[in-house]
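K.L.:
Grabbed the feature section from Swiss-Prot, which reads as follows:
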DOMAIN    36-150  domain 'MTTase N-terminal'
BINDING   C45, C81, C113  [4Fe-4S] cluster 1 binding site
DOMAIN    171-403  domain 'Radical SAM core'
BINDING   C185, C189, C192  [4Fe-4S] cluster 2 binding site
DOMAIN    406-475  domain 'TRAM'
Amino acid sequence: MLPILKNQGVKKDQNHIALKNDSCESSSPCFDHEGNKINFISLGCPRNLVDSEVMLGILLKAGYEVAPTLEEADYLVINTCGFLEASRQESMDTVEEVLSQRKKTAKLIVTGCMVQTHSDALKTTFPSIDYLLGSGDVEGILKAVQSTQKGQIISSARSYLEAGEVPRRLSTPKHYAYLKIAEGCRKRCAYCVIPTIKGPLKSKGKEQILKEFNLLLSQGVKEVILIAQDLGDYGKDQGAKKLTALLNLLQSMLEIKQAFWLRLLYLYPDEITDELIALMKSDSRICPYLDMPIQHVNNQILKSMRRATSKEDIIEIITKLRREIPNVAIRTSLIVGFPGETEEQFQELIQFVQDYPLENVGIFKFSREPGSHAYDLPNQISDEMKEDRYHRLMQVQKKVVKKNLKKMIGKKIAVVVEGYHPETELLMIGRHTGQCPDIDGQVLINDGRKVKAFGEIYTVEITDVADYDLVGHVI
């Protein structure tokens, strides 16, 4: 089994990757030569985290070791997020912090989405960065580390998705892992610059995915989370129609006679077909959980956003999911303050959240991204109005989510118990099938005397609600 990586943070929303000191993969030499220790900080989404895990695997295979702390590292790698202004600012803050904490001889490599689109700003603000490596070019990490001069590679042309076999070192707890099945995006939503950053859709081959899936299961992973920019587009760059490639992949995974949870992230409403719903119903190993970004429900706004759906379509698919999979948990994301959004259209969004309560709702203020179609749209909304609408919708969302959670009180559900609460060992934390790691609430366990091992599934009776979390005890 691969050694377990720990997530520690310079800040709480960063993944700071460090290995346990007493473990080393047998195929990688364990040595403690000066100048060979590396440290990763991965920002942003799980897709970025997978890239960091692959880069780390490449370096460990080449004989490098992981430094347990930032200050001990000879090489520091920051995998940035550049999706929104707030994420770019976090990336800049992280670079500044790392530069202030690193030892003088340490080399800093900055990679990821922000490098792809804002490399000039990074070089101008932080001339002491040693190397810039573009998003998706994970195989360039070895060159970046070994280079004796400052350098730059801005290219995502050779993604590891197309490269076949690559090493990877997991940084998640041993019982779950992300599996990226595609990179890039073929859609052109008005507010988004992901196609510019990540390039066009590139699907990973089915056989390679199945090989990785089987490897994860053999390592003891019990929950595999499928990710892509858009799972529903998987295989369409290779000629697949509608959802056929994804359905075929899922069916092949389900042929494996083993217990596991399979979680699907990022499926657009127009891609949730009757066939997918039927497959989810037919095998409980597919978590009754869908991350379905709808962004808005006013048809005029949806059209301006270049979304291939309507309010009527969204209501229809939610209604169908509730009818066919009664215990389904639906996560979505909503944008307030999109150019031209009127108070009446915003109220329509509020009413929708109340009328069609969803289990998890992420709310974002529209970010005016240079290069996006929406950047030049008229009737831009003021920051003050965006902030006001954000807080008003958040208040409604909190009430709706809490009402949904209270319906769970008294139920006995399967929960993977993940460990002690970070603030006290009097509590344990876990998740049920309707909760995805890092983005959703958790189950707080106040009586875990029957828990024999973390990462295992236990039956928990829900007794209370605390904010976005459930409270219960193992029975």
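Placement of Cβ uses the backbone N, Cα and C atoms for every residue, glycine included.
I'd like these features described in context: how deep, what's nearby, how far apart.
P.N.:
The Cβ of C81 ([4Fe-4S] cluster 1 binding site) has 22 neighbouring Cβ atoms from other residues within 10 Å, across all protein chains displayed. DSSP assigns C81 ([4Fe-4S] cluster 1 binding site) to coil in the three-state reduction, outside any helix or strand.
Predicted-model confidence for the domain 'Radical SAM core' (171-403) is 97, expressed as mean pLDDT.
Just so you know, the Cβ of C192 ([4Fe-4S] cluster 2 binding site) picks up 23 other Cβ atoms within 10 Å once every protein chain is counted.
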K.L.:
Summarise the domain 'TRAM' (406-475) by DSSP state, stating how many residues are helix, strand and coil.
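P.N.:
Summed by class, the stretch gives 1 helix, 40 strand, 29 coil.
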K.L.:
On the DSSP side of things, how many residues of the domain 'MTTase N-terminal' (36-150) fall into helix, strand and coil, could you say?
P.N.:
58 helix, 24 strand, 33 coil
K.L.:
Are there any residues in the same chain, six or more apart in sequence, whose C-beta is under 8 angstroms from the C-beta of C189 ([4Fe-4S] cluster 2 binding site), and if so which?
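P.N.:
Sequence-distant Cβ neighbours: Q295, M305, R306, R307.
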K.L.:
In sequence order, what residues of the same chain, 6+ apart, have a Cβ less than 8 Å from the Cβ of C113 ([4Fe-4S] cluster 1 binding site)?
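P.N.:
Set apart from C113 ([4Fe-4S] cluster 1 binding site) by at least 6 residues yet with Cβ under 8 Å, we have G44, N48, T80, C81, G82, F83, S135, I197, K198.
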K.L.:
Which residues, in sequence order, are found in the same chain with Cβ within 8 Å of the centroid defined by the Cβ atoms of C45, C81, C113 at the [4Fe-4S] cluster 1 site, excluding those residues themselves?
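P.N.:
For the [4Fe-4S] cluster 1 site, the extra neighbours are L43, G44, R47, N48, T80, G82, F83, S87, G112, M114.
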